[in-house]
Amino acid sequence: LQGIFVLGLPYALLHSGYSGLLLIVLAAALCCYTGKILIACLYEENEDGQLIRVRDTYEDIANACCKKLSPSLGGVVVNVTQVVELIMTCILYLVASGNLLSHSFPYVPVTEKTWSVIAFVTLLPCIFIRTLKIVSKLSQLCSLVHFVIIFVVITYCLTQMHQWSWAKFRLSLEFEDFLVSVGVIIFSYTSQIFLPTLEGNMKNPGEFRCMLNWTHFFACILKTTFALTAFLTWGEKTKEVITDNLPSFLETLVNLCLLTKALLSYPLPFFAATEIVYSCVSKDNHSNYRSPLLALTVRSSFLLLTLLMAMFTPHFALLMGLSGSVTGAAMTFLLPSLFHLKLQWKKLSFLEKCADISVFILGFLCSLAGIVCSIKGLLEVFG
């Protein structure tokens with residue numbers, strides 16, 4: 001739940017003002033809600049009224065919704081959407097690693113792309129990751145590094161409390177800048193792709209809803225505190241990535257921490273993407289690699305693909321924004337609400353139906369606005 005997007009939250013407040021604080025809370029509530037309804041789609045009631053897990057993945061949910069139209073159409077659409085988003089995320093981590101290394105060692109005569117290759121070499125062991133347990137250990141280390149970064153930034157900001165002023169918040173907003181803020185805030189919470197696998201691997205799946213409530217609650221508190229203290233410290237001088245505002249000695253330290261975080265973050269989306277593809281090309285259970293050579297080939301191909309795209313894709317940030325507006329909004333808002341309505345319409349109350357429809361409309365509007373802004377940016381670049 002705590003991604004690199006968090007570092008852009010103070011900048012989002014610069015363009016959204018007081019409404020940005022409300023958006024941070026609202027986004028937490030909405031993402032928590034769509035996570036719950038997505039998991040609810042995995043279950044059906046048996047003859048005794050007990051909930052039984054009859055589906056295992058996002059793909060299974062989609063296939064169940066589209067089975068009258070085509071038995072596998074829904075799964076194909078969901079898998080393609082998931083893989084695109086996961087690959088783009090992996091590439092983003094690789095690009096970010098090269099950028100951070102370049103800024104951390106500016107006197108070394110090495111280009112940013114070369115630094116990306118060096119970062120890629122450290123990620124080669126990812127092709128041997130076969131279980132979610134290894135990924136979870138790396139994710140724990142990633143979370144620890146993340147908290148170190150947040151702690152350093154907030155501690156520095158607290159030393160500058162004497163210059164804080166609420167007058168720094170903007171009252172007038174520009175629509176396009178506000179949309180950028182919405183995108184940054186919402187996509188700092190997205191995790192729906194991983195939730196079915198996460199819930200299925202919990203020792204006590206009954207605690208999933210409680211876990212989701214507390215993680216989103218603490219994420220909301222942490223993000224609000226971080227964004228607020230950083231923005232009050234730098235105001236109109238707040239940069240897109242808040243670490244660029246830090247003094248040079250702290251900036252280098254935090255950049256190295258960010259590099260560590262980016263490299264530790266890479267295995268989770270990489271593992272998820274390769275699992276999806278392997279399960280599609282293999283008739284065996286996707287969690288049981290009965291064909292080690294095929295699994296190794298899939299993982300190696302994906303690893304190489306992320307490097308090539310990071311090296312040779314022009315204007316990657318704009319393309320990331322475009323794909324994120326489509327895949328991110330779809331996986332986080334559109335599909336969970338649509339699937340929930342489709343599979344459990346008869347069991348839902350009037351208010352639950354209204355909530356799902358409202359989330360779907362909101363997700364559609366966010367996606368449409370993001371697509372328009374991204375295409376406009378691409379047209380200006382190639383103009």
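Backbone N, Cα and C atoms are what each Cβ position is placed from, and that goes for glycine too.
Residues or ranges marked as domain 'Amino acid transporter transmembrane' in TrEMBL: 2-375.
The transmembrane segment annotation in TrEMBL covers 20-43 (among others). Proximity of distant same-chain residues to the transmembrane segment (20-43), defined by a Cβ-Cβ separation under 8 Å and at least 6 residues beyond the stretch ends, is recorded for 9, 12-13, 51-56, 58, 60-61, 64, 181-182, 185-186, 188-192, 195-196, 199, 208-209, 212-213, 216-217, 219-220, 223-224, 227-228, 332-333, 336-337, 339-340, 343-344, 355-356, 359, 362.
Annotation comment: TrEMBL describes 76-95 (among others) as transmembrane segment. Sequence-distant contacts of the transmembrane segment (76-95), counting only residues of its own chain at least 6 positions beyond either end whose CB sits under 8 Å from a CB of the stretch, comprise 4, 58-59, 61-62, 116, 119-120, 123, 193, 262-263, 265-266, 269-270, 272-273, 276-277, 280, 302, 305-307, 309-310, 313, 316, 319-320, 323-324, 326-328, 330-331, 335.
Feature annotation from TrEMBL assigns transmembrane segment to 115-132 (among others). Remote same-chain residues near the transmembrane segment (115-132) are listed as 94-95, 97-99, 101-102, 197, 201, 259, 262-263, 266-267, 270-271, 289, 295-296, 299-300, 303, 306-307, 310-311 (criterion: CB distance under 8 Å, separation of at least six residues from the stretch ends).
The transmembrane segment feature in TrEMBL is assigned to 144-166 (among others).
The transmembrane segment annotation in TrEMBL covers 178-198 (among others).
What TrEMBL lists as transmembrane segment is 210-233 (among others).
Beyond its flanks by at least six residues, the transmembrane segment (253-281) meets 3-4, 7, 57, 59, 79, 82-83, 86-87, 89-90, 93-94, 96-97, 100-101, 103-104, 119, 122-123, 126, 129, 132, 134-135, 138-139, 141-142, 145-146, 148-149, 152-153, 193-194, 197, 243, 246, 287, 289, 294-295, 298-299, 302-303, 306 of its own chain at Cβ-Cβ distances under 8 Å. According to TrEMBL, the transmembrane segment annotation covers 253-281 (among others).
The transmembrane segment annotation in TrEMBL covers 293-312 (among others). Counting same-chain residues at least six beyond the ends of the transmembrane segment (293-312), those with a Cβ under 8 angstroms from any Cβ of the stretch are 87, 90-91, 94-95, 98, 113, 116-117, 120, 123-124, 126-127, 129-130, 270, 273-274, 277-278, 281-282.
What TrEMBL records for 318-339 (among others) is transmembrane segment.
Feature annotation from TrEMBL assigns transmembrane segment to 359-379 (among others).
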